[in-house]
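*Asks:* The following block contains the structure, expressed as structure tokens.
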Amino acid sequence: MKKKEMASQAVDGSNSALQSDDNRSSEMLNEEENAQLSRNMPRQSSRMSALDVNIPVTLTWKDLEIFVKEPNTESYLSRCCVKKADKTEKKPQSDVGNVNEQPREEPAYSSGKTPFPRPTNETGSINSEDAPQTGNRTQNSLSPQNSAQKMAPASDWASAHGGRGWKSSAVEPGDVTNSNIADSANRCPPGMKQIVFGVNGIVKGGTMLAVMGASGAGKSTLMNVLAMRNLKNYTMRGEVRVNGFAVTNEIRNISAYVQQDDLFIGTLTVRETLMFRAYLRLDQRLTAQELSEKVDEVLLEMGLLNCMNAYVGVPGSNKSISGGEAKRLSFACEMLTNPPIMFCDEPTSGLDSFMARTIVRTMQRLVFLHHIVICTIHQPSSEVFALFDKVLLMAGGRVAFMGTSVRAMEFFNTLGHVCPSNYNPADFFILTLAIAPEEEQSSRRRVAVICDAYEKTPEAALMRKPLDQNLTTSDELRSKLFSRSRKYQAGWIKQLGVVLWRSWISLSREVWVVRVRIVTGLLVSFVIGLIFLDLKYDQKGVMNIGGATFSLLLVVSFNNLFSVLHTFPPEIPLFLRDHGSNLYRCDVYYLSKSLAELPMLIMVPALVVSIAYWMIGLEDDVGTFFLAVIYFILAGNVAVAFGHIVATVCADEGVAVALAPPLMTPAMMMGGFFLNSDSIRWYLIWIKYLSWFHYGNELVTVNQWKDVEHIQCDEPGYRYGNVTLHINTCMFRTGQDIIDHLGFSEDDLDFDIAMLFILWIAFRLLAYTFLFLRAKLISQ
């Protein structure tokens, strides 16, 4: 009796600690903050966007099973699916789908070491008579009337295997045991492993849910599935409903997703970042003044007024906002649309306890407006943990508990896991559900007991009960939730103007990058001019002039190429996120970026050629000079288009920089300087037609020599008696001799210009295709 009283006192102490945390958190919201919240709520609800929904929503998910591609599926399942004791008989395969047995009572939890003390008189299980009896439960099959609304990958797999669908066992709610998981594992698609097992849940409007668990518990995977984002390599089974309507990708239309990484354009200010999204996401009938007022409201709500004119910057630089301000800016970008559901991926990671509390309070602002906030969170402080309305504890892909934190403490105490006094409940839950490497088997048995026991609790029954009953809905609500007149809120012209403005601002404000490109180009041009200074038009000068012009062609190409490789890949993750959120089109982004960088791609080659041209002493004619500048600019822009192909294919900047030079080498070898154009092997001739070095070199060479009628030639003479003999040692007497020797022709100038434009367009289209495919793959 004394031990039982001690256990109950421990529970009361933990519950009182949680309640005291709640009280302290409530007290910390002083009257001024409450008044501010009340002032902000009407303004926010009046914000117009495609996501505005005035009716509270309820998000439910039923029997979610998630699979991921894994070559070694059996070994993974043998580690993750903890089976019952050896004495438990395995049900034959023929019984699957027609199982109706009484729940087996779990033995007392006694194996392994517990991370926390427990009462010795506890049995480690919940009696079966205490579990709610709701009858047999079967998982939903893909019926004809709702197969279009169910998640398709599983049905596709079932139909591909002769109609052998995924019919799970009809078991009692309290009988979801590890043996059932093992049976489910045997029905995994080929080459897949199961990481989430039959998860149920419900979240009503005005609730902030914390999804917690140790690493590998499946919490991030579950949230990604609910948000229908980042689903590459996943196959799902089950259903997700909003107010009774089965949804898949439609949930993106009524939800926002705050990712863990804060992706912004560092050269924009905080206010400009919000204005950019406001122009593209809010109602297009709003005027610029009204949009500005909406942005000011969000700045006030998020506490960003003090830094609204500060540059976002790059993390780690001197001119950037703090980590907490960046995280609040991420929330502000999503709150512009007033979403009824918000998913947050570890919003407090990397922040101190004060900033973490500020971010959670920011999420509470949405909860006060009867919105749903679901977030994964790692080891919050006790004060932050007390701010959440409910917790969802996961372990091994199963639900260990879902409900209030006070009920969670009571549930764990019933199983013999008592949280010590003055201990952070969040740390207690995570440590209890963690799989310790040195005690893996005992840890897995402990987790299995907890998950099995939860299935017999009233909370688990409550999670299942509403799922079988459609909420009262209406056509008007369905129209507001899921109907959109078009995929993008802004039109094509509006998107182009706004994205072009951002691209131009981003490039023009990178002052040091612009200066470095200009200074580097001028310096290299000056060095080439000094090396080939004032060349003479003689037999030796012919080779020197050819080397000078081809060196300028290399400098222009590589300078433009590497400027793209260093700036384009870092922006692609931001583009993929914005495109996945239906912010703007892929062609709009690529066209805007190409137009914004075009002035620099014209100015830098022109400066490089202008200085070196006159220092080298090339053809002294203004028309010839301007033609040479145009030819160099054309060749340099083709190199930029080629750089876009490499940048869109490679996901990493370092890989792109390492891959580009080897890919350019064959085209450079076929340029006509290292290898005569008439000497190229027939099986490599196709490379010449893809080489902008060849076309550029031919244009520049013909432009240089076509009007040169005399090349100095000093022929040595030898006297033989009274007769002087002159030996013909001059290879080139006119410019046409040089053109013919190199295998070039003046008649090919128009063809060369046309081919440079064709290569420029083809490389651009190919780069756009790769970018579009990447965006399409990510969105799917």
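In case you wondered, yes, glycine gets a Cβ from its N, Cα and C as well.
TrEMBL entries are annotated by machine, without manual review.
Taken from TrEMBL, the feature region 'Disordered' applies to 1-48, 85-187. Residues or ranges marked as compositional bias 'Polar residues' in TrEMBL: 11-20, 35-48, 120-149. Taken from TrEMBL, the feature domain 'ABC transporter' covers 176-421. Per TrEMBL, the feature transmembrane segment maps to 512-533, 545-568, 598-616, 622-643, 753-773.
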*Asks:* Cβ under 8 Å, sequence separation of at least 6 from the ends of the transmembrane segment (753-773): give me the contacting residues as numbers and ranges.
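*Replies:* Distal contacts: 572, 575, 586-587, 589-590, 594, 634-635, 637-638, 641-642, 644-645, 647-649, 689-690, 692, 695-696, 699.
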*Asks:* Short question: which residues 6 or more past the ends of the transmembrane segment (622-643) have a Cβ under 8 Å from it?
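*Replies:* For the transmembrane segment (622-643), the nonlocal Cβ contacts are 552-553, 556-565, 568, 597, 601-602, 605-606, 608-610, 613, 660, 663-664, 692-693, 695-696, 699-700, 703-704, 707, 753, 756-757, 759-760, 763-764, 767.
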*Asks:* Do any residues, 6 or more residues outside the transmembrane segment (598-616), come within under 8 Å Cβ-to-Cβ of it, and if so which ones?
*Replies:* 507, 514, 517-518, 521-522, 524-526, 528-530, 532-535, 545, 548, 552, 555-556, 559-560, 563, 625, 628-629, 632-633, 636-637, 640
*Asks:* Over the domain 'ABC transporter' (176-421), work out the mean pLDDT and round it to an integer.
*Replies:* 84
